[in-house]
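Reading through the structure tokens given below for one structure.
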């Protein structure tokens, strides 16, 4: 890049953030329009860290990949014993799709219909969203040998020609069949396709991997071959967008910061700036640029361009707990591979040879239960909800939680290398506590103040308690008698108080934060962007990532990011042609 105040560079479109949504927008605009596109990413380019592609190393990556992750601490959470939670987000081309669990879980059709109601925009209904989901995916319906009875994907709900590779694991991780039996014992039915609009039940998980390789936003939409065909696309990495430049309320460009040498520069746009920096980065950039609560911005010395009190508000997230067990020694587990240098070397060699082995199996092969927990609806916390919230929770296809079967320990740290472990990972759905993000200063390098307010809504505590009870019941089932030796991480007793103590000490973020730049009608309370992704009161500016989601969907929110990116790109293409 050039030095300070250099305005020599000019593009038609500038995309701020090369994450899950940013990649699909950049690729779509550059391939379908006679226009120049600049994609700016604060982190590294794709391909720099090959382990990103290795499914079985995703947890190791979260623990060790300092350069490829944002580490964003929350303020102390009063309902969690004043613990601060570290939020992790992808800092590389591909964003968090480069570091997530690779679960492609759409959630219930009812969530998309609710999205349409909240935005007063029918394009978000399940009926109108499903065709886009199908266009995005290249679904391989083959089921793992020996587990055919547990999956029967609905061909009317899946696409075969899209860029994102989706399917079942090639080989199941240990204990899958027992997990199905255990879920049946506690009353959870089998779901043959949890991506067909009703995920309630236990089924084989669907993942965005193929032949032992992660399929994600970077290699699906901005792979090397694609980039070579798009000379009108420039990808700029290790560069942050510090500020959006405005003339009155018209976005005219961006101010950039080059992390390699500390220089700044300005790049102008002819048409639009698109902000795709995620739930935390997008509201932060808007506020640094003068879009947000006027009094707060002016107190920090930031000129207010548009006064909008809703920027950074309304944050929602799932939350995670784990129940963990020591298992019989004859059942291999993930922890044994990484704890033993010889086993790890063998796994590395096998993966390098043919993309099989532990680095494939443990990262991408398993099952998940989406239970409807009836005890929730008999609780005083449920009775205290308003009628609209009750109706939302009772919808028959909307699960109360996710319970995953995992290999190896997660939170339990008194691990003996010779022992084997398994984990039930609990993802708490439909949380009602709303958090916020705000600026601490006008310095773009200073992290924002993040307060998710975990468990502050009484119903969230009840969701957590009853989900733990459900998971413990699964672990105590007769089906697991031959596998489980003892619980090593879980509540000390079955009463509410004991379970809540365990929850307060161990609850973590759900990696699905959204809603800080909420989409809605311009006249509706809480709205930051309209149905066309435009921040209210601005021109030439859009926000397109999961920060705009108006609902905490009962899914893995990467699918939301793909849909938002695609919908925004389509809207921009229509506008391009209508103005030509």
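Quick reminder: no glycine exception, Cβ is built from N, Cα and C everywhere.
Nobody curates TrEMBL annotations by hand; they come from automatic prediction.
Here is what TrEMBL says about this protein:
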type: BINDING; residues: 20, 21, 241; note: FAD binding site
type: DOMAIN; residues: 278-292; note: domain 'Glucose-methanol-choline oxidoreductase N-terminal'
type: ACT_SITE; residues: 512; note: active site, proton donor
type: ACT_SITE; residues: 556; note: active site, proton acceptor
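Overlay of TrEMBL annotations on the structure.
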{"residue": "20", "record": "FAD binding site", "DSSP class": "helix"}
{"residue": "241", "record": "FAD binding site", "DSSP class": "strand"}
{"residue": "512", "record": "active site, proton donor", "DSSP class": "coil"}
{"residue": "556", "record": "active site, proton acceptor", "DSSP class": "coil"}
Inset, instruction - Return the single residue from the binding-site residues list (20, 21) that has the minimum number of other CB atoms within 10 Å. - result: 20
Inset, instruction - Would you mind reading off the Cα separation of residue 556 (active site, proton acceptor) from the residue listed as 'active site, proton donor', to the nearest angstrom? - result: 7
Inset, instruction - Could you round the CA separation between residue 20 (FAD binding site) and residue 512 (active site, proton donor) to a whole angstrom and send it over? - result: 13
Inset, instruction - Provide the number of Cβ atoms within 10 Å of the Cβ of residue 556 (active site, proton acceptor), excluding the reference atom itself. - result: 24
Legend entry - the domain 'Glucose-methanol-choline oxidoreductase N-terminal' (278-292), counted residue by residue under DSSP: helix, strand, coil: 11 helix, 2 strand, 2 coil
Legend entry - Inter-residue C-alpha distance, residue 21 (FAD binding site) and residue 512 (active site, proton donor) (nearest angstrom): 14
Legend entry - Rounded Cα separation (Å) that holds between residue 512 (active site, proton donor) and residue 241 (FAD binding site): 23
Inset, instruction - Show which residues of the chain containing residue 241 (FAD binding site), separated from it by at least 6 in sequence, have their CB under 8 Å from its CB. - result: 16, 17, 40, 42, 254, 255, 256, 257, 277, 285
Inset, instruction - State the count of C-beta atoms found within 10 angstroms of the C-beta of residue 512 (active site, proton donor), not counting that atom itself. - result: 26
Inset, instruction - With FAD as the bound species and 20, 21, 241 as its recorded binding residues, calculate the greatest Cα-Cα distance and give it in Å as a whole number. - result: 17
